[in-house]
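If you look up Swiss-Prot, you'll see Cys95, Cys105, Cys108 marked as [4Fe-4S] cluster binding site, on the strength of similarity to another entry. The acetyl-CoA binding site feature in Swiss-Prot is assigned to Lys160, Glu470, Leu471, His472, Val473, Tyr493, Gly494, Ser495, Tyr526; the stated evidence is similarity to another entry. Annotated domain 'Radical SAM core' per Swiss-Prot: 78-368, in sequence order. According to Swiss-Prot, the domain 'N-acetyltransferase' annotation covers 392-547, on the basis of sequence analysis.
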Amino acid sequence: MDQKGSQRALLAQTINEIVKLLIEAHNQKKDVNLNRLKCIVAQKNGLSFQPKLVDIIAGVPSDYKDSLLPKLKAKPVRTASGIAVVAVMSKPHRCPHINFTGNICVYCPGGPDSDFEYSTQSYTGYEPTSMRAIRARYNPYLQTRGRLNQLMQLGHSVDKVEFIVMGGTFMSLPEDYRDFFIRNLHDALSGHTSASVEEAVAYSERSKMKCIGITIETRPDYCLPRHLNDMLLYGCTRLEIGVQSTYEDVARDTNRGHTVKSVCETFHMAKDTGYKVVIHMMPDLPNVGLERDKEQFLELFESPAFRPDGLKLYPTLVIRGTGLYELWKTGRYQSYPPSVLVDLIATILSLVPPWTRVYRVQRDIPMPLVSSGVEHGNLREHAMAKMKELGLKCRDVRTREVGIQEIHNKVRPEDVELIRRDYTANGGWETFISYEDPKQDILIGLLRLRKISDKAHRPELKGNVSVVRELHVYGSVVSVADRDPKKFQHQGYGSLLMEEAERIAREEHGSDKIAVISGVGTREYYRKLGYELDGPYMSKMLDSAAA
(Lines of atoms letter the chains of each structure in order from A and count residues from 1; the text may use other names and numbers.)
(Lines give C-alpha, C1' and ligand atoms only; values in the text may rest on other atoms or scores of the structure.)
Protein backbone atom coordinates (compact mmCIF):
# COMPACT_ATOMS: atom_id res chain seq x y z
CA MET A 1 0.00 0.00 0.00
CA ASP A 2 1.40 3.47 -0.90
CA GLN A 3 1.87 6.17 1.75
CA LYS A 4 -1.32 7.98 0.73
CA GLY A 5 -3.35 4.78 1.04
CA SER A 6 -1.87 3.93 4.44
CA GLN A 7 -2.71 7.44 5.75
CA ARG A 8 -6.31 6.98 4.55
CA ALA A 9 -6.52 3.64 6.36
CA LEU A 10 -5.05 5.21 9.52
CA LEU A 11 -7.56 8.07 9.26
CA ALA A 12 -10.50 5.64 9.08
CA GLN A 13 -9.11 3.68 12.05
CA THR A 14 -8.58 6.89 14.06
CA ILE A 15 -12.12 8.14 13.37
CA ASN A 16 -13.61 4.77 14.39
CA GLU A 17 -11.67 4.82 17.67
CA ILE A 18 -12.65 8.43 18.44
CA VAL A 19 -16.34 7.70 17.78
CA LYS A 20 -16.17 4.55 19.93
CA LEU A 21 -14.63 6.52 22.84
CA LEU A 22 -17.24 9.27 22.44
CA ILE A 23 -20.07 6.72 22.63
CA GLU A 24 -18.51 5.12 25.74
CA ALA A 25 -18.18 8.53 27.41
CA HIS A 26 -21.80 9.37 26.51
CA ASN A 27 -23.09 6.07 27.95
CA GLN A 28 -21.10 6.71 31.15
CA LYS A 29 -22.36 10.35 31.24
CA LYS A 30 -18.81 11.74 31.11
CA ASP A 31 -17.60 14.94 29.44
CA VAL A 32 -14.85 14.63 26.83
CA ASN A 33 -12.32 17.17 25.57
CA LEU A 34 -12.66 16.42 21.84
CA ASN A 35 -9.50 18.28 20.77
CA ARG A 36 -7.40 16.39 23.30
CA LEU A 37 -9.01 13.08 22.32
CA LYS A 38 -8.30 13.72 18.60
CA CYS A 39 -4.68 14.54 19.39
CA ILE A 40 -4.10 11.43 21.57
CA VAL A 41 -5.75 8.93 19.17
CA ALA A 42 -4.10 10.40 16.05
CA GLN A 43 -0.69 10.30 17.75
CA LYS A 44 -1.23 6.72 18.96
CA ASN A 45 -2.10 5.54 15.44
CA GLY A 46 0.83 7.39 13.85
CA LEU A 47 -1.43 9.72 11.87
CA SER A 48 0.43 12.85 10.71
CA PHE A 49 -2.67 15.09 11.08
CA GLN A 50 -5.84 15.27 13.15
CA PRO A 51 -9.15 14.16 11.59
CA LYS A 52 -11.61 16.90 10.66
CA LEU A 53 -14.75 17.40 12.74
CA VAL A 54 -16.87 16.87 9.59
CA ASP A 55 -15.39 13.36 9.17
CA ILE A 56 -15.95 12.49 12.84
CA ILE A 57 -19.60 13.63 12.62
CA ALA A 58 -20.03 11.51 9.45
CA GLY A 59 -18.67 8.48 11.36
CA VAL A 60 -21.22 8.69 14.21
CA PRO A 61 -23.83 5.87 13.94
CA SER A 62 -27.36 7.13 13.17
CA ASP A 63 -28.79 5.93 16.52
CA TYR A 64 -26.25 8.11 18.40
CA LYS A 65 -26.43 11.20 16.15
CA ASP A 66 -29.13 13.00 18.19
CA SER A 67 -27.25 12.60 21.48
CA LEU A 68 -23.69 13.19 20.22
CA LEU A 69 -24.15 15.99 17.66
CA PRO A 70 -24.86 18.75 20.23
CA LYS A 71 -21.57 17.86 21.98
CA LEU A 72 -19.59 17.79 18.73
CA LYS A 73 -21.11 20.94 17.24
CA ALA A 74 -18.41 23.33 16.03
CA LYS A 75 -18.84 26.92 17.24
CA PRO A 76 -22.17 26.32 19.04
CA VAL A 77 -22.62 30.12 19.30
CA ARG A 78 -23.47 30.05 15.55
CA THR A 79 -26.97 28.74 16.35
CA ALA A 80 -27.19 29.54 20.09
CA SER A 81 -29.75 32.28 19.44
CA GLY A 82 -32.12 29.74 17.87
CA ILE A 83 -31.37 30.69 14.26
CA ALA A 84 -28.82 29.66 11.62
CA VAL A 85 -27.50 32.90 10.12
CA VAL A 86 -26.49 32.78 6.45
CA ALA A 87 -24.57 35.84 5.23
CA VAL A 88 -24.60 36.39 1.45
CA MET A 89 -23.06 39.09 -0.74
CA SER A 90 -24.38 40.97 -3.74
CA LYS A 91 -22.12 41.53 -6.74
CA PRO A 92 -19.43 44.27 -6.47
CA HIS A 93 -20.81 47.70 -7.35
CA ARG A 94 -19.86 51.31 -6.77
CA CYS A 95 -21.19 53.18 -3.76
CA PRO A 96 -24.17 55.32 -4.91
CA HIS A 97 -23.11 58.51 -3.15
CA ILE A 98 -19.99 58.81 -5.36
CA ASN A 99 -22.34 60.59 -7.82
CA PHE A 100 -23.09 63.30 -5.24
CA THR A 101 -19.85 63.64 -3.27
CA GLY A 102 -17.30 62.58 -5.88
CA ASN A 103 -15.78 59.91 -3.66
CA ILE A 104 -16.41 57.13 -1.16
CA CYS A 105 -16.08 57.44 2.64
CA VAL A 106 -12.49 58.15 3.74
CA TYR A 107 -12.15 54.90 5.73
CA CYS A 108 -13.85 52.56 3.23
CA PRO A 109 -11.82 49.72 1.68
CA GLY A 110 -12.86 47.48 -1.21
CA GLY A 111 -15.11 48.01 -4.18
CA PRO A 112 -14.49 47.86 -7.95
CA ASP A 113 -12.11 50.87 -7.93
CA SER A 114 -9.97 49.75 -4.97
CA ASP A 115 -6.80 47.72 -4.44
CA PHE A 116 -9.19 44.84 -3.62
CA GLU A 117 -10.96 44.98 -7.00
CA TYR A 118 -12.83 41.65 -6.72
CA SER A 119 -14.46 42.67 -3.44
CA THR A 120 -17.71 44.46 -2.72
CA GLN A 121 -17.74 48.01 -1.33
CA SER A 122 -16.45 48.22 2.29
CA TYR A 123 -15.06 44.66 2.20
CA THR A 124 -11.55 43.46 1.31
CA GLY A 125 -12.45 40.09 -0.21
CA TYR A 126 -10.56 38.26 2.56
CA GLU A 127 -13.39 38.10 5.12
CA PRO A 128 -14.95 34.58 5.44
CA THR A 129 -18.25 35.75 3.88
CA SER A 130 -16.40 37.52 1.04
CA MET A 131 -14.33 34.44 0.25
CA ARG A 132 -17.43 32.23 0.16
CA ALA A 133 -19.11 34.77 -2.16
CA ILE A 134 -16.09 34.95 -4.50
CA ARG A 135 -15.89 31.13 -4.67
CA ALA A 136 -19.57 31.10 -5.67
CA ARG A 137 -18.94 33.99 -8.14
CA TYR A 138 -21.45 36.03 -6.15
CA ASN A 139 -24.28 33.67 -7.17
CA PRO A 140 -26.87 33.94 -4.34
CA TYR A 141 -28.16 30.37 -4.80
CA LEU A 142 -24.67 28.82 -4.63
CA GLN A 143 -23.69 31.02 -1.68
CA THR A 144 -26.76 29.87 0.26
CA ARG A 145 -26.50 26.16 -0.53
CA GLY A 146 -22.76 26.16 0.18
CA ARG A 147 -23.17 27.80 3.59
CA LEU A 148 -26.12 25.60 4.58
CA ASN A 149 -24.17 22.44 3.69
CA GLN A 150 -21.20 23.74 5.68
CA LEU A 151 -23.33 24.42 8.77
CA MET A 152 -25.02 20.99 8.51
CA GLN A 153 -21.63 19.24 8.23
CA LEU A 154 -20.53 21.05 11.39
CA GLY A 155 -23.53 19.65 13.27
CA HIS A 156 -25.85 22.69 13.22
CA SER A 157 -29.59 22.62 12.56
CA VAL A 158 -30.61 24.71 9.54
CA ASP A 159 -34.34 24.42 10.14
CA LYS A 160 -34.63 28.20 10.70
CA VAL A 161 -32.53 30.46 8.51
CA GLU A 162 -31.96 34.18 8.64
CA PHE A 163 -30.26 35.83 5.66
CA ILE A 164 -28.00 38.85 5.94
CA VAL A 165 -27.55 40.57 2.58
CA MET A 166 -24.14 42.26 2.62
CA GLY A 167 -21.84 43.89 0.11
CA GLY A 168 -22.51 47.60 -0.15
CA THR A 169 -25.85 49.34 -0.67
CA PHE A 170 -28.10 46.54 -1.97
CA MET A 171 -31.09 48.83 -2.56
CA SER A 172 -29.06 51.00 -4.98
CA LEU A 173 -28.75 48.07 -7.42
CA PRO A 174 -31.15 47.73 -10.41
CA GLU A 175 -34.55 46.27 -9.54
CA ASP A 176 -34.21 43.24 -11.85
CA TYR A 177 -30.92 42.23 -10.19
CA ARG A 178 -32.41 42.68 -6.70
CA ASP A 179 -35.40 40.51 -7.64
CA PHE A 180 -33.08 37.84 -9.09
CA PHE A 181 -30.98 37.86 -5.90
CA ILE A 182 -33.88 37.61 -3.42
CA ARG A 183 -35.68 35.03 -5.57
CA ASN A 184 -32.62 32.77 -5.45
CA LEU A 185 -32.28 33.07 -1.67
CA HIS A 186 -35.83 31.78 -1.19
CA ASP A 187 -35.41 29.13 -3.91
CA ALA A 188 -32.24 27.82 -2.23
CA LEU A 189 -34.37 26.97 0.82
CA SER A 190 -37.47 25.62 -0.95
CA GLY A 191 -35.74 23.81 -3.86
CA HIS A 192 -38.22 25.40 -6.28
CA THR A 193 -37.21 27.45 -9.34
CA SER A 194 -39.35 30.59 -9.30
CA ALA A 195 -40.15 33.11 -12.00
CA SER A 196 -40.86 36.01 -9.61
CA VAL A 197 -40.24 37.16 -6.04
CA GLU A 198 -43.93 36.58 -5.21
CA GLU A 199 -43.71 32.94 -6.38
CA ALA A 200 -40.42 32.41 -4.52
CA VAL A 201 -41.93 33.79 -1.30
CA ALA A 202 -45.05 31.59 -1.67
CA TYR A 203 -42.93 28.41 -1.96
CA SER A 204 -40.50 29.55 0.75
CA GLU A 205 -43.44 29.96 3.14
CA ARG A 206 -44.13 26.21 2.94
CA SER A 207 -40.50 25.07 2.80
CA LYS A 208 -39.04 22.66 5.39
CA MET A 209 -36.15 25.08 5.85
CA LYS A 210 -37.89 28.25 7.02
CA CYS A 211 -36.72 31.74 6.13
CA ILE A 212 -37.49 33.49 9.41
CA GLY A 213 -36.16 36.83 8.21
CA ILE A 214 -33.92 38.74 5.83
CA THR A 215 -31.61 41.55 6.95
CA ILE A 216 -30.47 44.08 4.37
CA GLU A 217 -27.49 46.42 4.80
CA THR A 218 -28.31 49.90 3.55
CA ARG A 219 -27.80 53.65 3.94
CA PRO A 220 -30.28 56.32 5.14
CA ASP A 221 -30.64 57.69 1.59
CA TYR A 222 -31.78 54.21 0.44
CA CYS A 223 -34.38 53.82 3.20
CA LEU A 224 -37.08 56.00 1.67
CA PRO A 225 -40.71 54.73 1.61
CA ARG A 226 -40.29 53.11 -1.84
CA HIS A 227 -37.22 51.17 -0.61
CA LEU A 228 -38.99 50.15 2.61
CA ASN A 229 -41.95 48.87 0.54
CA ASP A 230 -39.71 46.82 -1.77
CA MET A 231 -37.89 45.25 1.18
CA LEU A 232 -41.20 44.21 2.76
CA LEU A 233 -42.05 42.28 -0.43
CA TYR A 234 -38.68 40.48 -0.20
CA GLY A 235 -39.50 39.19 3.31
CA CYS A 236 -37.06 41.60 4.97
CA THR A 237 -37.66 42.14 8.70
CA ARG A 238 -34.49 43.93 9.82
CA LEU A 239 -32.40 46.79 8.47
CA GLU A 240 -28.73 47.41 9.11
CA ILE A 241 -28.10 51.10 8.59
CA GLY A 242 -24.63 52.60 8.33
CA VAL A 243 -24.56 55.62 10.65
CA GLN A 244 -20.91 55.54 11.88
CA SER A 245 -21.20 58.79 13.90
CA THR A 246 -23.93 60.94 15.45
CA TYR A 247 -21.97 64.15 14.75
CA GLU A 248 -22.84 66.19 11.65
CA ASP A 249 -19.26 67.52 11.30
CA VAL A 250 -17.83 63.97 11.34
CA ALA A 251 -20.38 62.75 8.77
CA ARG A 252 -19.36 65.66 6.54
CA ASP A 253 -15.58 65.30 7.05
CA THR A 254 -15.60 61.53 6.41
CA ASN A 255 -17.63 62.01 3.21
CA ARG A 256 -20.67 59.98 4.29
CA GLY A 257 -22.95 61.66 1.76
CA HIS A 258 -25.89 62.02 4.17
CA THR A 259 -26.73 64.00 7.30
CA VAL A 260 -27.37 62.78 10.84
CA LYS A 261 -30.82 64.42 10.60
CA SER A 262 -31.64 62.05 7.72
CA VAL A 263 -30.56 59.14 9.96
CA CYS A 264 -33.14 60.12 12.60
CA GLU A 265 -35.86 60.46 9.93
CA THR A 266 -34.93 57.02 8.56
CA PHE A 267 -35.20 55.41 12.01
CA HIS A 268 -38.68 56.94 12.41
CA MET A 269 -39.89 55.69 9.00
CA ALA A 270 -38.32 52.24 9.41
CA LYS A 271 -39.80 51.61 12.87
CA ASP A 272 -43.21 52.91 11.75
CA THR A 273 -43.02 50.29 8.97
CA GLY A 274 -42.31 47.61 11.60
CA TYR A 275 -38.63 46.99 10.91
CA LYS A 276 -36.03 46.22 13.54
CA VAL A 277 -33.22 48.76 13.22
CA VAL A 278 -29.57 47.78 13.71
CA ILE A 279 -26.93 50.44 13.23
CA HIS A 280 -23.22 50.38 12.43
CA MET A 281 -21.10 52.74 14.54
CA MET A 282 -17.38 53.52 14.23
CA PRO A 283 -15.53 54.73 17.34
CA ASP A 284 -12.11 56.37 16.76
CA LEU A 285 -12.99 58.29 13.59
CA PRO A 286 -10.87 61.34 12.65
CA ASN A 287 -11.51 64.60 14.55
CA VAL A 288 -13.63 62.96 17.26
CA GLY A 289 -11.48 62.18 20.31
CA LEU A 290 -12.16 60.01 23.34
CA GLU A 291 -14.60 62.26 25.22
CA ARG A 292 -16.75 62.97 22.15
CA ASP A 293 -16.76 59.24 21.37
CA LYS A 294 -18.16 58.48 24.83
CA GLU A 295 -20.71 61.30 24.57
CA GLN A 296 -22.05 60.14 21.19
CA PHE A 297 -22.79 56.64 22.51
CA LEU A 298 -24.51 58.11 25.56
CA GLU A 299 -26.66 60.17 23.17
CA LEU A 300 -27.24 57.14 20.93
CA PHE A 301 -28.83 55.12 23.76
CA GLU A 302 -30.56 57.95 25.66
CA SER A 303 -31.89 60.25 22.92
CA PRO A 304 -35.36 59.25 21.59
CA ALA A 305 -34.12 60.36 18.14
CA PHE A 306 -31.87 57.25 17.99
CA ARG A 307 -32.34 54.31 20.41
CA PRO A 308 -31.58 51.47 17.97
CA ASP A 309 -32.70 47.87 18.51
CA GLY A 310 -29.24 46.56 17.69
CA LEU A 311 -25.68 47.73 17.29
CA LYS A 312 -22.60 46.65 15.35
CA LEU A 313 -19.47 48.30 16.70
CA TYR A 314 -16.74 48.69 14.11
CA PRO A 315 -13.72 50.53 15.60
CA THR A 316 -11.96 52.45 12.82
CA LEU A 317 -9.33 50.49 10.88
CA VAL A 318 -6.65 52.01 8.66
CA ILE A 319 -6.45 49.94 5.45
CA ARG A 320 -4.22 50.46 2.44
CA GLY A 321 -5.83 52.32 -0.46
CA THR A 322 -8.24 54.42 1.61
CA GLY A 323 -8.23 58.18 2.20
CA LEU A 324 -7.71 57.46 5.89
CA TYR A 325 -4.53 55.52 5.05
CA GLU A 326 -3.09 58.70 3.47
CA LEU A 327 -4.04 60.74 6.57
CA TRP A 328 -2.41 58.14 8.83
CA LYS A 329 0.72 57.89 6.67
CA THR A 330 1.23 61.67 6.79
CA GLY A 331 0.62 61.82 10.56
CA ARG A 332 -2.75 63.60 10.37
CA TYR A 333 -4.62 60.68 11.92
CA GLN A 334 -3.62 58.44 14.79
CA SER A 335 -5.55 55.44 16.16
CA TYR A 336 -6.27 55.04 19.87
CA PRO A 337 -3.65 52.91 21.68
CA PRO A 338 -4.93 49.30 22.21
CA SER A 339 -5.54 49.75 25.96
CA VAL A 340 -7.50 52.99 25.38
CA LEU A 341 -9.68 51.28 22.74
CA VAL A 342 -10.42 48.35 25.09
CA ASP A 343 -11.41 50.83 27.84
CA LEU A 344 -13.66 52.72 25.40
CA ILE A 345 -15.42 49.54 24.18
CA ALA A 346 -15.91 48.46 27.81
CA THR A 347 -17.49 51.86 28.58
CA ILE A 348 -19.76 51.63 25.51
CA LEU A 349 -20.91 48.09 26.40
CA SER A 350 -21.75 49.22 29.95
CA LEU A 351 -24.07 51.92 28.50
CA VAL A 352 -26.10 49.53 26.32
CA PRO A 353 -29.73 49.27 27.55
CA PRO A 354 -31.29 45.81 28.10
CA TRP A 355 -33.47 46.09 24.95
CA THR A 356 -30.52 46.56 22.56
CA ARG A 357 -28.45 43.70 21.10
CA VAL A 358 -24.75 44.13 20.33
CA TYR A 359 -24.20 41.91 17.29
CA ARG A 360 -20.51 42.58 16.68
CA VAL A 361 -17.64 44.44 18.31
CA GLN A 362 -15.19 44.47 15.39
CA ARG A 363 -14.88 43.87 11.66
CA ASP A 364 -14.00 40.45 10.21
CA ILE A 365 -11.08 41.94 8.24
CA PRO A 366 -7.88 39.84 8.63
CA MET A 367 -5.28 41.54 10.86
CA PRO A 368 -2.43 41.48 8.26
CA LEU A 369 -4.48 43.90 6.10
CA VAL A 370 -4.85 46.40 8.96
CA SER A 371 -2.13 49.08 9.05
CA SER A 372 -3.43 50.69 12.25
CA GLY A 373 -6.43 50.31 14.56
CA VAL A 374 -7.65 47.23 16.41
CA GLU A 375 -4.76 45.01 17.50
CA HIS A 376 -6.81 42.31 19.24
CA GLY A 377 -8.64 39.65 17.20
CA ASN A 378 -10.90 39.06 20.23
CA LEU A 379 -11.74 42.64 21.20
CA ARG A 380 -15.09 41.72 22.81
CA GLU A 381 -13.37 39.30 25.22
CA HIS A 382 -10.79 41.93 26.20
CA ALA A 383 -13.56 44.50 26.75
CA MET A 384 -15.63 42.06 28.84
CA ALA A 385 -12.56 41.24 30.97
CA LYS A 386 -11.99 44.98 31.50
CA MET A 387 -15.63 45.41 32.54
CA LYS A 388 -15.26 42.62 35.08
CA GLU A 389 -12.14 44.32 36.43
CA LEU A 390 -14.00 47.65 36.77
CA GLY A 391 -17.13 46.06 38.25
CA LEU A 392 -19.26 46.98 35.21
CA LYS A 393 -21.92 44.77 33.60
CA CYS A 394 -22.97 44.34 30.00
CA ARG A 395 -26.75 43.90 29.93
CA ASP A 396 -27.37 43.80 26.20
CA VAL A 397 -29.66 41.13 24.73
CA ARG A 398 -26.86 38.90 23.38
CA THR A 399 -24.96 38.70 26.67
CA ARG A 400 -28.09 37.72 28.59
CA GLU A 401 -29.78 35.33 26.15
CA VAL A 402 -30.24 31.79 27.42
CA GLY A 403 -28.33 29.98 24.64
CA ILE A 404 -25.18 32.09 25.13
CA GLN A 405 -25.42 31.75 28.94
CA GLU A 406 -25.62 27.95 28.65
CA ILE A 407 -22.54 27.83 26.39
CA HIS A 408 -20.31 30.28 28.28
CA ASN A 409 -21.45 30.03 31.91
CA LYS A 410 -23.21 26.62 32.02
CA VAL A 411 -26.21 28.18 33.79
CA ARG A 412 -29.90 27.61 33.14
CA PRO A 413 -32.81 29.82 34.24
CA GLU A 414 -34.86 28.77 37.27
CA ASP A 415 -37.44 31.42 38.28
CA VAL A 416 -38.79 32.89 35.04
CA GLU A 417 -40.83 36.12 35.14
CA LEU A 418 -42.57 38.37 32.61
CA ILE A 419 -40.73 41.71 32.57
CA ARG A 420 -41.81 44.89 30.80
CA ARG A 421 -39.80 47.98 29.84
CA ASP A 422 -41.38 51.04 28.17
CA TYR A 423 -39.53 53.84 26.40
CA THR A 424 -40.12 56.43 23.66
CA ALA A 425 -38.13 56.25 20.45
CA ASN A 426 -38.42 57.83 16.99
CA GLY A 427 -41.87 59.34 17.54
CA GLY A 428 -43.46 56.16 18.90
CA TRP A 429 -44.18 54.35 22.17
CA GLU A 430 -42.03 51.22 22.45
CA THR A 431 -42.70 48.34 24.83
CA PHE A 432 -40.06 45.66 25.31
CA ILE A 433 -41.66 42.57 26.87
CA SER A 434 -39.50 39.63 27.90
CA TYR A 435 -39.39 36.40 29.87
CA GLU A 436 -36.33 36.49 32.10
CA ASP A 437 -34.73 35.00 35.17
CA PRO A 438 -34.02 38.35 36.92
CA LYS A 439 -31.88 36.78 39.65
CA GLN A 440 -29.39 35.27 37.17
CA ASP A 441 -30.08 37.95 34.52
CA ILE A 442 -30.93 35.40 31.81
CA LEU A 443 -33.20 36.28 28.88
CA ILE A 444 -35.42 33.54 27.41
CA GLY A 445 -37.66 35.39 24.96
CA LEU A 446 -38.48 38.94 23.90
CA LEU A 447 -41.09 40.91 22.00
CA ARG A 448 -40.83 44.48 20.64
CA LEU A 449 -44.21 46.25 20.45
CA ARG A 450 -44.68 49.74 18.97
CA LYS A 451 -47.65 52.08 18.94
CA ILE A 452 -47.40 53.42 15.41
CA SER A 453 -47.09 57.21 15.02
CA ASP A 454 -49.31 59.19 12.64
CA LYS A 455 -46.42 59.40 10.15
CA ALA A 456 -46.71 55.74 9.05
CA HIS A 457 -46.84 55.47 5.25
CA ARG A 458 -48.11 51.87 4.92
CA PRO A 459 -51.92 51.66 4.40
CA GLU A 460 -52.08 48.53 6.61
CA LEU A 461 -50.64 50.51 9.56
CA LYS A 462 -52.69 53.71 9.35
CA GLY A 463 -55.12 54.59 12.15
CA ASN A 464 -55.08 52.96 15.58
CA VAL A 465 -52.55 50.20 14.93
CA SER A 466 -49.81 48.60 17.03
CA VAL A 467 -47.05 46.54 15.43
CA VAL A 468 -44.94 43.68 16.76
CA ARG A 469 -41.49 44.41 15.35
CA GLU A 470 -39.83 41.30 16.78
CA LEU A 471 -40.73 38.08 18.55
CA HIS A 472 -37.82 35.84 19.44
CA VAL A 473 -37.45 32.92 21.84
CA TYR A 474 -33.80 32.11 22.45
CA GLY A 475 -31.94 28.84 22.96
CA SER A 476 -30.34 26.54 20.40
CA VAL A 477 -32.31 25.73 17.24
CA VAL A 478 -35.23 23.34 17.63
CA SER A 479 -36.98 22.12 14.49
CA VAL A 480 -40.32 23.85 13.89
CA ALA A 481 -42.04 20.45 14.08
CA ASP A 482 -40.27 19.28 17.27
CA ARG A 483 -40.39 19.94 20.99
CA ASP A 484 -37.36 19.40 23.21
CA PRO A 485 -38.07 19.72 26.96
CA LYS A 486 -34.45 20.77 27.64
CA LYS A 487 -34.59 23.66 25.15
CA PHE A 488 -36.61 26.86 25.34
CA GLN A 489 -37.89 27.16 21.78
CA HIS A 490 -41.46 25.85 21.29
CA GLN A 491 -42.25 25.80 25.03
CA GLY A 492 -45.11 28.32 24.74
CA TYR A 493 -43.18 31.49 25.62
CA GLY A 494 -43.84 32.96 22.17
CA SER A 495 -47.64 32.68 22.40
CA LEU A 496 -47.60 34.07 25.97
CA LEU A 497 -45.60 37.10 24.78
CA MET A 498 -48.09 37.61 21.92
CA GLU A 499 -51.04 37.45 24.35
CA GLU A 500 -49.47 40.18 26.51
CA ALA A 501 -48.71 42.30 23.42
CA GLU A 502 -52.36 42.03 22.30
CA ARG A 503 -53.55 43.06 25.78
CA ILE A 504 -51.26 46.13 25.85
CA ALA A 505 -52.24 47.12 22.29
CA ARG A 506 -55.96 46.85 23.08
CA GLU A 507 -56.12 48.24 26.64
CA GLU A 508 -53.24 50.75 26.73
CA HIS A 509 -52.56 51.78 23.13
CA GLY A 510 -56.27 51.86 22.30
CA SER A 511 -55.48 50.05 19.04
CA ASP A 512 -58.10 48.39 16.84
CA LYS A 513 -55.56 46.20 15.07
CA ILE A 514 -52.23 44.54 15.83
CA ALA A 515 -49.84 43.71 12.98
CA VAL A 516 -46.66 41.62 12.92
CA ILE A 517 -43.71 42.08 10.56
CA SER A 518 -43.22 38.38 10.06
CA GLY A 519 -40.52 36.41 8.32
CA VAL A 520 -41.88 34.43 5.36
CA GLY A 521 -41.32 31.10 7.12
CA THR A 522 -43.07 32.08 10.36
CA ARG A 523 -46.43 33.13 8.86
CA GLU A 524 -47.97 29.74 9.61
CA TYR A 525 -47.12 30.19 13.32
CA TYR A 526 -49.10 33.46 13.40
CA ARG A 527 -52.01 31.89 11.50
CA LYS A 528 -52.34 29.42 14.39
CA LEU A 529 -52.64 32.43 16.73
CA GLY A 530 -55.53 33.84 14.67
CA TYR A 531 -53.59 36.22 12.42
CA GLU A 532 -54.22 36.67 8.69
CA LEU A 533 -52.04 37.89 5.84
CA ASP A 534 -52.56 41.63 5.45
CA GLY A 535 -50.31 42.88 2.63
CA PRO A 536 -46.81 41.88 3.80
CA TYR A 537 -47.90 41.75 7.49
CA MET A 538 -49.76 39.21 9.62
CA SER A 539 -52.63 41.07 11.34
CA LYS A 540 -55.48 40.54 13.79
CA MET A 541 -58.42 42.84 14.60
CA LEU A 542 -58.45 43.42 18.36
CA ASP A 543 -62.12 44.32 18.90
CA SER A 544 -63.28 40.87 17.71
CA ALA A 545 -60.41 39.22 19.62
CA ALA A 546 -61.56 40.95 22.82
CA ALA A 547 -65.13 39.77 22.30
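Note that Cβ sites are derived from N, Cα and C of the backbone, with glycine treated the same way.
Features recorded in Swiss-Prot, as mapped to the structure shown.
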| residue | record | DSSP (3 states) |
| --- | --- | --- |
| Cys95 | [4Fe-4S] cluster binding site | coil |
| Cys105 | [4Fe-4S] cluster binding site | coil |
| Lys160 | acetyl-CoA binding site | strand |
| Leu471 | acetyl-CoA binding site | strand |
| Gly494 | acetyl-CoA binding site | helix |
| Tyr526 | acetyl-CoA binding site | helix |
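Using the Cβ center of Cys95, Cys105, Cys108 for [4Fe-4S] cluster, the list of other same-chain residues with Cβ within 8 Å runs, in sequence order, His97, Asn103, Ile104, Tyr107, Gly111, Gln121, Ser122, Asn255. Note: the Cα of Leu471 (acetyl-CoA binding site) and the Cα of Cys108 ([4Fe-4S] cluster binding site) are spaced 34 Å from each other. Cys108 ([4Fe-4S] cluster binding site) sits 41 Å from Tyr526 (acetyl-CoA binding site), taking the Cα positions as reference. Cβ neighbour count for Cys105 ([4Fe-4S] cluster binding site) (all protein chains, 10 Å cutoff from its Cβ): 23.
Calculated from their C-alpha atoms, the gap between Val473 (acetyl-CoA binding site) and Cys95 ([4Fe-4S] cluster binding site) amounts to 36 Å. Of the recorded residues, Cys105 ([4Fe-4S] cluster binding site) and Lys160 (acetyl-CoA binding site) place their C-alpha atoms 36 Å from one another.
The distance from the Cα of Tyr526 (acetyl-CoA binding site) to the Cα of Cys95 ([4Fe-4S] cluster binding site) comes to 38 Å.
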